[in-house]
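Asker: Supplied in structure tokens, the structure appears directly below.
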Amino acid sequence: MELIFLGTSAGVPTRTRNVTAILLNLQHPTQSGLWLFDCGEGTQHQLLHTAFNPGKLDKIFISHLHGDHLFGLPGLLCSRSMSGIIQPLTIYGPHGIREFVETALRISGSWTDYPLEIVEIGAGEIFDDGLRKVTAYPMEHPLECYGYRIEEHDKPGALNAQALKAAGVPPGPLFQELKAGKTIMLDDGRQINGADYLAAPVPGKALAIFGDTGPCDAALELAKGVDVMVHEATLDMAMEAKANSRGHSSTRQAAALAREAGVGKLIITHVSSRYDDKGCQHLLRECRSIFPATELANDFAVFNV
């Protein structure tokens with residue numbers, strides 16, 4: 001999994017930061033998958049500065065309906081049609097996302113030429129394709145808001161081909177059955193159990209992408225043990241009370257949660273426009289004083305999960 005930050009500013013864009021949008025690249029030689037988390041104004045323009053084609057998007061997850069996370073969506077949907085894209089797209093979001101999209105398309109005389117599914121979600125598991133699952137957790141914010149936990153399913157361990165050959169099992173279709181954990185019978189009557197020749201399963205990666213939030217009950221469960229946690233750090237420690245009063249978090253709160261949840265890495269984003277580059281480094285230092293494995297997301301930053 002690969003994260004590409006298209007927008008990292010809170011509320012309004014700045015000269016160097018657009019409003020919130022994050023790509024999750026799941027593409028692999030044997031599988032497709034390009035997901036977008038939030039779609040603030042100008043997101044499709046930010047996409048033009050990357051190597052990713054909007055036509056490859058197959059899922060969009062909206063955390064909540066505040067404009068800095070949403071207002072880029074109608075334009076992106078229409079541009080996909082104007083480009084002749086026919087790949088289906090599914091949008092997940094809180095109650096009201098369907099009305100927003102359908103109203104924006106209707107009153108602007110727009111449409112989509114590709115299958116578009118809109119799923120209004122609640123807390124709980126919202127998606128599982130057998131490779132990975134996505135679970136939504138309620139955030140603490142003035143509007144209904146969700147954070148998303150993305151978990152890969154464990155992958156089967158490697159098959160010990162050498163041991164199988166030594167046992168007289170010929171390479172070929174039988175190996176595929178054994179890799180699936182099945183038991184086969186050889187021509188000489190021996191039974192071979194695939195589980196005996198498989199290494200331990202490879203744990204899947206886990207990622208938590210928080211929506212806008214102040215401290216909340218679901219935060220620890222959402223973030224527990226993930227490899228990477230993406231969390232807002234809208235304001236610094238000195239302005240924590242102001243951040244919380246508006247349903248946001250401070251640097252201290254983001255870093256303390258990362259430490260308590262035992263995450264591998266914290267990436268902070270959704271930075272107030274009051275902070276210039278020097279101010280952003282101040283935010284990063286505050287987080288690292290509590291949780292050293294912290295990175296600051298800038299627009300177009302790329303992180304591997």
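Cβ atoms here come from the backbone N, Cα and C positions, even for glycine.
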Asker: For the Zn(2+) 1 site that Swiss-Prot lists with His64, His66, His141, give the additional residue from the candidates Asp212, Asp217, Asp227.
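Answerer: Swiss-Prot lists His64, His66, His141 binding Zn(2+) 1, and from Asp212, Asp217, Asp227 it also lists Asp212.
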Asker: Which of His28, His153, His270 does Swiss-Prot put in the same Zn(2+) 2 site as Asp68, His69, Asp212?
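Answerer: Record source Swiss-Prot; matching candidate: His270.
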Asker: What does the structure give for the C-alpha distance between His69 (Zn(2+) 2 binding site) and His141 (Zn(2+) 1 binding site)? Integer Å is fine.
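Answerer: The separation of the Cα atoms works out to 13 Å.
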Asker: Tell me the Cα distance separating Asp68 (active site, proton acceptor) from His270 (Zn(2+) 2 binding site), rounded to the nearest angstrom.
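Answerer: The separation of the Cα atoms works out to 10 Å.
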Asker: Using a Cβ-Cβ cut-off under 8 angstroms and a sequence gap of six or more, which residues of the chain neighbour His66 (Zn(2+) 1 binding site)?
Answerer: Leu143, Asp212
Asker: Of all the binding-site residues given, His64, His141, which has the fewest Cβ neighbours within 10 Å once its own Cβ is left out?
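Answerer: So among His64, His141, the binding-site residues given, the one with the fewest Cβ atoms within 10 Å is His141.
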